[in-house]
Amino acid sequence: QALFNLLIPDHAADAFCPPRLSEPGLWDLLVERLLGGLSHWDAEHFLFIAERGYLYEHNCAFFPLYPLSVRAVAEGALWPLQRLLRLRSRLLLSAVLLNSLFSVLAAAALYKLGCVVLQCRRVAFLAAVLFSVSPANVFMAAAYSESMFAFLAFSAMWQLEKGQSWLSGLLFSLASGVRANGLVNAGFFLYSRGKCFALQLQVGSGLVRRRPPLWKQLLSLASSAVLVCAGIFLPFALFQYYAYVRFCSPGTGREQTVPRPLLQLALDKGYRLAAVNGVKPPWCSQRFPVVYSYIQDAYWNVGLLRYFELRQIPNFLLALPVTLLGSWAAWTYVTANPRHCLTLGLARRKSEEEGKPRAGFCCPAVFVYVVHATVLLAFGFFCMHVQVLTRFLGSSSPILYWFSAHLLHEHEPFLRSEGTDNQTVAPRSEKSLLGKSGSCGKGASANPVVRLLLNCTLITPLSKCVLGFFLAYWLLGLVLHCNCLPWT
């Protein structure tokens, strides 16, 4: 990133770029030279919020938990550097350190989740390695909230699969304080509760007497669902209330506390500050004043089919690989499990009754994740700026990595020849498994992706396409994003 940022001049993009209010020192210039490429586009919003709070109305499109975390680390762990670095530089350094940590933790959580859901350690490990070279990787490193959201979402899914409902609900709640699409994760908890209830109704008649009455089960189901969903929606509701108080309640002399350069930026760009002279934004008068939806509509023209224009064809082409991969994943799963999909996974299968659950991407437990990824894909394709689909799915759903790992594992002889333990989770140490998974001769790498790349002339065309997509977007993301050029 530092190399590309040094060699390629930055593009003069029409993006949010607030003025620096203090002269940088020598160490500030060094940090900017090394890490400045990770502070462009939306990263400017997050760093500005961490430094100045929600000064402009359109800043409220970015949720508070990530910038609060960045500020906490900058003021806490990096406090000894305050004599060397100004706050802006410490915030950038804090964001990069946090995202490095969250990316590693997200990969670990994805691996653990894959072991539980897929019942196949090989595919789970391969998916985690693919996450490490995600096509959205530049956003996992830059001062964006993607890595934090991925860590919280994957960890919450893992805890829910383990039966830790309340811990899962807490993590899902934190995730909804990072990104708005965290609200959709409430569906995982609702489906989990509904499936347990449906399967309990299908058990043998001999066990019916041992269960509590039906009305008690329904009451317990409804109460737990309401409580957990309320907890997941709470951060979103609190943030909308904060924005309403901040921008819809007139303040006396509040504009005088804003530095003059930032006031001038608001005048030049048309940014709206907090309510001044009794003038309120239009969304304040709505029956349910939600600033997030208003900003998406008024500032970025986000809405159903609004992006379907001829001039947006390059952006649709940019999102084409992840669109095809996500659609292919859904089609593969539906064709492999038509009855399971028609019954929404609520009917007990013969294999489950015999105690022999299927393993791999097409196993029954993947159903809810396929539905989640398909919903995000459809919403992003038809209602959002389509080029963000890569990082939108890459930080929200494990399907992109599970299906890619499935394709490599099923169609690549280099991986299939390693063994046949892909049916269940073998009771052995992960260290021995990883050692075996890379045993392809003297000095062979234990990393399956590296192994495929070392034999790139011999792998199948499908493997080349999958790895080419991941690595090409990984590299292009660094080159383009870090120089203010348009990217996903």
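Glycine too: its Cβ is placed from the backbone N, Cα and C atoms.
The annotation transmembrane segment is assigned in TrEMBL to 91-111 (among others).
The transmembrane segment annotation in TrEMBL covers 123-145 (among others).
Residues annotated as transmembrane segment in TrEMBL: 165-191 (among others).
Beyond the transmembrane segment (218-243), the same-chain residues lying 6 or more positions past its ends with a Cβ under 8 Å from any Cβ of the stretch are 54, 60, 63-65, 165-166, 169-170, 172-174, 176-177, 180, 182-183, 185-186, 189-190, 193-194, 197, 289-292. According to TrEMBL, the feature transmembrane segment maps to 218-243 (among others).
Annotation comment: TrEMBL describes 316-336 (among others) as transmembrane segment.
Same-chain neighbours of the transmembrane segment (357-382): 116-120, 123, 157, 161, 181, 184-185, 187-188, 191-192, 304-305, 319, 323, 326-327, 329-330, 332-334, 336-337, 340-341, 344-345, 349, 351, 388-389, 392-393, 396-400, 402-403, 405-406, 422-424, counting only residues six or more beyond its ends whose CB sits under 8 Å from a CB of the stretch. Taken from TrEMBL, the feature transmembrane segment applies to 357-382 (among others).
Cβ atoms under 8 Å from those of the transmembrane segment (452-476) belong to residues 130, 133-138, 321, 325, 390, 404, 407-408, 411-415, 445, 487-488 of the same chain, restricted to positions at least 6 beyond its ends. What TrEMBL records for 452-476 (among others) is transmembrane segment.
Below 8 angstroms of C-beta separation, residues 135, 361-362, 366-367, 370, 373-374, 377, 381, 386-390, 393-394, 399-400, 402-404, 406, 469, 473, 487-488 of the same chain, each at least six residues beyond the ends of the transmembrane segment (316-336), sit close to that stretch.
Long-range Cβ contacts of the transmembrane segment (165-191) within its own chain (Cβ-Cβ under 8 Å, at least 6 residues beyond either end) map to 63-66, 145, 148-149, 152-153, 155-157, 159, 224-225, 227-229, 231-236, 239, 292, 368, 371-372, 375-376, 392, 395-396.
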